[in-house]
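Participant: Handing you this structure, nothing more for now.
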Amino acid sequence: MSGSLLFQSLVLGVLLGGLYALLAAGLTLYFGVMRVVMIAHSAFLILAAYLAWWFNERTGLDPLLSLVVTVPLFFLVGVGMQRLLITRLRPATLTMMSVLLTFAIALFIEGMIGFVWSGTQRRVQLPYSGSNIEFFGANIAVVKLVAFVLAAASLGALYVLLKKSRFGQALRATIQHREAAQLVGIRTDRVAALGFGLGLATAAVGGTALALDATIYPSLHWHWVGPLMAIIVVGGLGSIPGTAIAAMVLGIGQSLLQVELGTTWAQTLFYVALFATLMLRPQGFFGGRLAQRF
Amino acid sequence: MTQWNRPALGLAATLTASALALSACSADAGGGGSDDTITIGISLPLTGDFSEPGKGVQRGYEAWAEMVNADGGLLGRQVELTILDDQSSADRVVQDYEALIAQDQVDLVFGPFSTRLVVPSARVAEEYGMLFVEPAGAAAEVFDQGFENLFYAAPAIANDHYNHLAEQILALPEAERPQTVAVAAMDDPFAQGTAYGLRDKLADAGLDVLVDEVYPPNTTDFSSIAAKISDSGADVVIGGTQYQDAVNLIVALQQLDYQPRLAAFSTAPTNPEFSSAIGEQTEGILAPTGYTPEAPWPSNVEFVEHYTETHGNPPAEDEANAFTTGQVVAAAVEAVGCAEQGDCQQQLIDWLRENEVETVVGPLSWDDAGRPQSAHMIQQYVEGDIRIVLPADAAEADFLFPKPTW
C-alpha cells in the first residue's frame, strides 16, 4: 500500500467514523434511558433521508434546510412513540418486547416509503456532490465533510445538553439509576419520553447527512441495523462518548481493512468486534456500566 | 394426469400430432390456407418474484402474435398463444410445459423468464423433442447443460456484452491506446460476467490490470474501492455493476478527482434514473445494452411503432427479447414450412443451427449450445443523452474518446 493511499484511506475512515457516530448516537440513548433496543432507528434514518430528498426534489433548496422541519417533527414522533407504545410494554420483558415492537415499526416505515415514493433508488443531486477539497495530498469530498461537521456539531450539542443542562442531569440520573432518580424527585417517565424524542431527533440529522452522499431505497435500513448495533455494544451501551469513539475506531478500521483485504472481509470487522466485546468486556470498551446489569 | 402414463401419452401425442400435421400439410398444399390455427404454449411468471419481467415478456409475446396475425399469420394460419402462470416456481413451470405439450398438443413452445425457470423447462421440451427458444437466461450455466434444442433469443451472453468496445479499444493506434485497467465488480454472476469479459480481452491484448476488486451486493460505501482505483491511476475503469453500486462508485471516484480516459459500467447507465442521480457528469460514460427502441433494424421500427401505439410507451428489453423469440421461431417455421410436434421440431432446430435470423435486436445466429454469437451494442452519454456509439453500422453518435472529465 502506498503512503498516499494509506493517508487517503485514513481520511476517508475518519469521515466515515464521524457519520457512524451520528447514526449510532440515538440508538445508545434509547438503550441507556429505557433499555429499549430500537430496531426502527435505521428505518427512521432512511425516512429522514427520503424527506431530505423529497424536500430537495420539490423545492430545489439545499436538503440541509429540511432539518428545520424534520428535527422537531422527529422529536415529537419520538415523544409520542414512547408515550403511546413503549410505556405499554411490561417492564419485566421490556428489552425483548421492544425488539418485536420496533421491528414492526421498521417494517411499517419501509412499507410506507415504498408505497409513497416507490422502490426506485433515489439520490439527492447537489451541485457539489462530486466536489472535493485537497488536504495534504488527500481529497476530501465536500458532502462527506458537511456530513462530518453535522455529526460533530450535533454530537457536541448533545454532549453539552447532557452535561450542563438540568434536563441533561435528570436524563443522566435516569440512565444511571432509575429508582434513585425517582426518589430525588425526577419525573423519570417524562424524562424518558424526552430522551426518546431526542434520540429520534438525532435520526433526523443522521438521515439528512446520509442522504447527502448515498443512494437510498426503502430496504436500505436493514443494511445499517447490524453495524450500528455493533458500534453501541463496543462503545458501551448508553454512553454517547463511548459510541463516538467506537464509531471512529471501527470506521477507520473498516476503511483501512478495505484496502488490504477487500470489501467482503472488511465488513466482518463489525461482527468480529461485537463478538470480541461480548467475550472480553461485555460492558463495552469505552464507558458504560449498564451492560453488566443487562 | 398421473405420472405413469406420461411416456405412453407422449408417444401417442407425437404420433397423433404427426398424423394431423401430415394431413394439415397436404390440406395447405391443396387449398392454400385453412381455418386451422398454430397454437403456441408458454408458461410465464405472471405472479411471484419475477412477475414484473414476466409481464413484460407476456406483452412482448402478445405484440408479436398481434403483428403476425395482422400480417396474415404463419404459413397462412393464425397464431394463438396459450399462456399459463407458473407463479415463478420451478416445479410449476415443469408441470405447465408438460401439460402444454402432452395434453394441449400445442404446435410450438416459447420459453419462460429467468435462468431459474429456463433450465427445468428446457429439459421438459427436450424430452418431447421440441424446439425451445427462450427470451431470458443469459448466465453461462444455461448453456453448460448440454441442451440440443435451446436457443437464447438475445444478442449475447453476459461475457460477450462488451465485445464491440474491446475491439474498438484494441483498434486504437498504439500511442493513444489505454495501457492500464481497474475493475470493480459485484459478487454476482451476471455483473461479473460482463466486466470480466472485457477485462480478459484487454488483459490478453497486453493491458495491465492494476485493480481487481469484488464487493458483496449489499455494499453501499464505495469510498475505499474508489481510493484504490484512484491511487492506481488506471486509464480504463470497468464496473460490473447493477444500479446503486454504480452510482455510488462513480460519485466516490469523482470525489477523489480520478479522471479515467474510459469508463464503462454495466446496467446502471441505461436506467432512466441514472442521469438524475449523477447530474451533468455523465458525459462519456459507456454501457452495453441488448436492446434500444432507437435501434435501426427494419423489423424494430415496425415493432416499436406497433407497441407504442397499443401501450403508449416504447418497449423495453424484456418485451424486445420476447418479440425476438417469436421472430426466431417464425423465421424457422417459414423456412422449413411446418409447425407441429414430431419430426418438424428437429427440422426447425437444424435450420436454426445453420442460419442467421433478422430480429429487432439485430441479426442473430447461434453456436451448438444455443449461445447467440453477436455482441451487445455499446451506448455512451454524448451531450447529455445516452446514444448508441458501437458498432459503427448501428451508431447514432460518434464514439467519444478520451472521456471528458467528470
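Just so you know, glycine gets a Cβ as well, placed from its N, Cα and C.
Please treat TrEMBL annotations as automatic predictions, because they have not gone through curation.
Here TrEMBL flags A:6-29, A:36-55, A:67-86, A:98-118, A:138-162, A:191-212, A:224-250, A:262-280 as transmembrane segment.
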Participant: Looking only at residues six or more beyond either end of the transmembrane segment (A:6-29), which have a C-beta under 8 A from one in the stretch?
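Facilitator: That would be 38, 41-42, 45, 135-141, 144-145, 147-148, 150-152, 154-155, 158, 195, 198-203, 205-206, 209-210, 224, 227-229, 231-232, 235, 237-240, 242-244, 246-256, 258-259.
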Participant: Please work out which recorded stretch in A:67-86, A:98-118, A:191-212, A:224-250, A:262-280 has the most C-beta pairs separated by under 8 angstroms from the transmembrane segment (A:138-162)?
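Facilitator: By Cβ pairs under 8 Å, A:191-212 leads among A:67-86, A:98-118, A:191-212, A:224-250, A:262-280.
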Participant: So what's near the transmembrane segment (A:262-280) in sequence-distant terms, Cβ-Cβ under 8 Å and 6+ beyond its ends?
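Facilitator: Those are 226-227, 229-231, 233-234, 250, 253-254, in sequence order.
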Participant: Cβ pairs under 8 Å only, please: of the recorded stretches A:67-86, A:98-118, A:224-250, which one is richest in them relative to the transmembrane segment (A:36-55)?
Facilitator: A:98-118
Participant: Checking distant contacts: for the transmembrane segment (A:98-118), what same-chain residues at least six beyond its ends satisfy Cβ-Cβ under 8 A?
Facilitator: 34-44, 46-47, 50, 54, 81, 85-86, 89, 218-219, 221
